[in-house]
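A.B. asks: The Mo-molybdopterin binding site annotation in TrEMBL covers ASN72, TYR75, GLU76, CYS130, SER165, ASN213, ARG218, SER229, ALA230, LYS231. Residues or ranges marked as domain 'Oxidoreductase molybdopterin-binding' in TrEMBL: 94-247.
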Amino acid sequence: MKTSYSSTIPASEITPKTLFEQRRRFIQMATGVSAALLANPLLANEKLTASASSAYGLTDELTPLKDITRYNNFYEFGTDKESPAKRASSLITRPWTISVEGEVEKPQTFDIDQLLKLAPIEERIYRLRCVEAWSMVVPWLGYPLAELIKRVQPTSAAHYVEFISLHDPEQMPGQRSPVLQWPYKEGLRIDEAMHPLTLLTFGLYGELLPKQNGAPVRMVIPWKYGFKSAKSIVKIRFVEQQPVSSWMQAGPNEYGFYANVNPAVDHPRWSQAKERRIGDFLKRPTLPFNGYADQVASLYNGMDLTKDF
Ligand SMILES: Nc1nc2c(c(=O)[nH]1)N[C@H]1C(S)=C(S)[C@@H](COP(=O)(O)O)O[C@H]1N2
Ligand SMILES: [Mo]
């Protein structure tokens, strides 16, 4: 497994050059998927190259790959942080299809390799803030979900989008216990789903997603608690009514539909004011909308985010 990640990307327009030198990362300037991936989609950890990179001004150090891949929440493979890395090898990620359905003019089923080529793959360095008050900084690879949404043409009744993960207890042994209502379900309002930060994600650290991180395709919504970012998605459904997520079913007064990162609204059982960055000893303050307030706060104008938590 790769342990260092260096860059010579001339990204001075995106973030200060020194920052990129500091990160010493390397991004192959190429478009779409590597030839190796197309030649052999069965290989795990295939390279996935990005055509552009953005950290949106983020200057935080990247979390090491070994932490991103060994400290996971993926209840389909058990409830402790170590289980997904140990057990997710039973997940079969090829062939894989994603059905896009509901309130759309053009419902369709995409093969994963077709979906990978739908739009240019970008690198997005985002903070991931778990509702459990820890966080990471991950160089994700994907493209805005809006790219997919505009191709299926939502109807005027498409007010929300639902994301449904794989349900197969043979491959996902954690689904043999009723810790959540399976399949894992999450949702967004349509304007949140269309927001340019909302990423349909296929990889991290220059490679296809490791299975424990939600291969072969997952959501990443950086201003919301991590549980909103459903892994190993098989269905995206456009609906009129606000969907009920697996976490809302499990604890409606603990996990709301919006789940925007908010240091001012505590979880009933712990504070959300601070977080522990994985690898750090001291806690740091949690930022409103996880640091993405400038880009997303206007989505919630006029709402009381203590009620719509
Ligand atoms: N299908 C599914 N998606 C999921 C989860 C899960 O248990 N099942 N856990 C969520 C939670 S709580 C977090 S914090 C992130 C963790 O993503 P990571 O393992 O890539 O860090 O995945 C989210 N997506
Ligand atoms: Mo989480």
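Yeah, the Cβs are placed from backbone N, Cα and C, and that goes for glycine too.
Note that this is a predicted model, so its numbers are computed, not measured.
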A.B. asks: Which chain-mates of SER165 (Mo-molybdopterin binding site) that are at least 6 residues away have a CB under 8 A from its CB, listed by sequence?
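C.D. replies: GLU76, PRO183, TYR184, LYS185, ALA230, LYS231, SER232, ILE233, VAL234 - these are the non-local Cβ neighbours of SER165 (Mo-molybdopterin binding site), listed in sequence order.
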A.B. asks: So what's the mean pLDDT when you look at the domain 'Oxidoreductase molybdopterin-binding' (94-247)?
C.D. replies: 98
A.B. asks: For a quick check of understanding: given the listed Mo-molybdopterin-binding residues ASN72, TYR75, GLU76, CYS130, SER165, ASN213, ARG218, SER229, ALA230, LYS231, what is the maximum Cα-Cα distance in angstrom, as an integer?
C.D. replies: 19
A.B. asks: Counting only residues 6+ away in sequence within the same chain, which have a CB under 8 Å from the CB of ASN72 (Mo-molybdopterin binding site)?
C.D. replies: LYS81, PRO84, ALA85, GLN212, ASN213
A.B. asks: Name, in the order they occur in the sequence, the residues of the same chain whose CB lies under 8 A from the CB of ARG218 (Mo-molybdopterin binding site) and which sit 6 or more residues away.
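C.D. replies: Residues satisfying the criterion: THR201, LEU209, SER229, ALA230, LYS231, SER232, ILE233.
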A.B. asks: Can you tell which of GLU76, ALA230 has the least company, meaning the fewest other C-beta atoms within 10 angstroms of its C-beta, among these binding-site residues?
C.D. replies: ALA230
A.B. asks: Three-state secondary structure of ALA230 (Mo-molybdopterin binding site) from DSSP?
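C.D. replies: Where ALA230 (Mo-molybdopterin binding site) sits, the three-state DSSP reduction gives coil.
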A.B. asks: Please report the DSSP secondary structure of GLU76 (Mo-molybdopterin binding site), reduced to three states.
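C.D. replies: GLU76 (Mo-molybdopterin binding site) sits in a helix per DSSP.
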